[in-house]
Amino acid sequence: MPKVLALETSCDESAAAVVQHSAGGLEVLAHRIASQVEEHAQWGGVVPEIASRRHVEALPHLISAVLDEAGLAVGEMDAVAATVTPGLVGALMVGSLTGRTLAALHHKPFLGVHHLEAHLASVRLASSPPEAPYVVLLVSGGHTELILVDSDSGLQRLGRSHDDAAGEAFDKVARLLGLAYPGGPAIQAAAKAGDPKRFSLPKGRVSRPEGGFYPYDFSFSGLKTAMLRQVESLKAQSDALPLEDLAASFEQIVVDVLVERSLRCCLDRGLSTLVMVGGVAANVRLRVQMEQQGRERGVSVHLAPLAYCTDNAAMVGAAALGRLQAGWGSSSIRLGVSARWPLEAGGDLYAQDPQF
């Protein structure tokens, strides 16, 4: 049964995991995450230099912890994997160098993993993972995309955000409302007691040059502007803002847009399976309404397990095992890191003459 030691350091979460491929599917033998949220919260967002330093401090302890829990040594792994793109370059370098060093010392293959491919693989950690073809809504702090996963043709992007990702919009609106960082959980908490219908907010659409709109694309910049104007108008009338209602109205409109366009994309492609992954996929309102409306429209909705929605190393291990199982082999030990790399070109990470 193939086993990998997987590392994740693409942003502000240091993580390590041991993942095994068994007869019943993927099994997470151990996983640990060291979050830096509290440290970055005072700055209102991630500070790259701080993130890199904390990865250096945390990663060795995390690796020791998961190996101890799994009762295994690095020498018993079939491979070592680490996220190498996209992300903060300094942060990525910590995980990549650590992974490549361990692989070289123990004579194991190294697999450089695309961060978005890892998110896509997170649904394979569910008890009953879906089978391709299906549409994936990848919705996180840095990405909002609709992706077709097909066993024959691979990955094809069908829709994307043209400005902020949904998670980034949550962070910025939370800051506008004076709520904590990260914005997703803060807005969700405030929205519980709010009226989601109190404020009318726009559903951003992206115009085609030839007329009409891109049906599966997203834009959240107009929504942010509308929230800013709403807050300014309310402050002109009173010092006390109806934070719960503002949070609920914002959360609801984002959920409406994500649900409507995702299900439409799925049905337009003649598919009956939709997968949702990424940090924002942990949002309760989004999970409930996606499943509910999916049932009403004949679409089976598969959600990444909550523990593996936000950045983690188990999903990196899942992606690496998927590549091994598909016969992609390993990455070059000379593979570096890159702040950006197309998801569709993820196979380039396994070339023996690396492009970065």
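Glycine is no exception: its Cβ is also placed from the backbone N, Cα and C atoms.
According to Swiss-Prot, the feature Fe cation binding site maps to HIS115, HIS119, ASP311. When Cβ atoms from all protein chains are considered, those within 10 Å of HIS115 (Fe cation binding site) total 25, not counting its own.
Here Swiss-Prot flags LEU138, VAL139, SER140, GLY141, GLY142, ASP171, GLY184, ASN283 as substrate binding site, drawing on sequence analysis. Contacts of ASP171 (substrate binding site) defined by a Cβ separation under 8 A and a same-chain sequence distance of 6+ are given as GLY45, GLY141, TYR181, PRO182, GLY183, GLY184, in order along the sequence. According to DSSP, ASP171 (substrate binding site) is assigned to a helical segment.
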DSSP output for GLY184 (substrate binding site) maps to helix
From the centroid of the CB atoms of HIS115, HIS119, ASP311, the recorded Fe cation site, which same-chain residues not already listed sit within 8 A by their CB, in sequence order? GLU8, SER10, THR83, LEU116, ALA118, SER140, GLY278, ASN312, MET315, VAL316
Between any two of LEU138, VAL139, SER140, GLY141, GLY142, ASP171, GLY184, ASN283, the residues recorded as binding substrate, what is the biggest Cα to Cα distance in Å? 17
When distances run from the Cα of ASP311 (Fe cation binding site) to each of the binding-site residues LEU138, VAL139, SER140, GLY142, ASN283, the nearest one: SER140
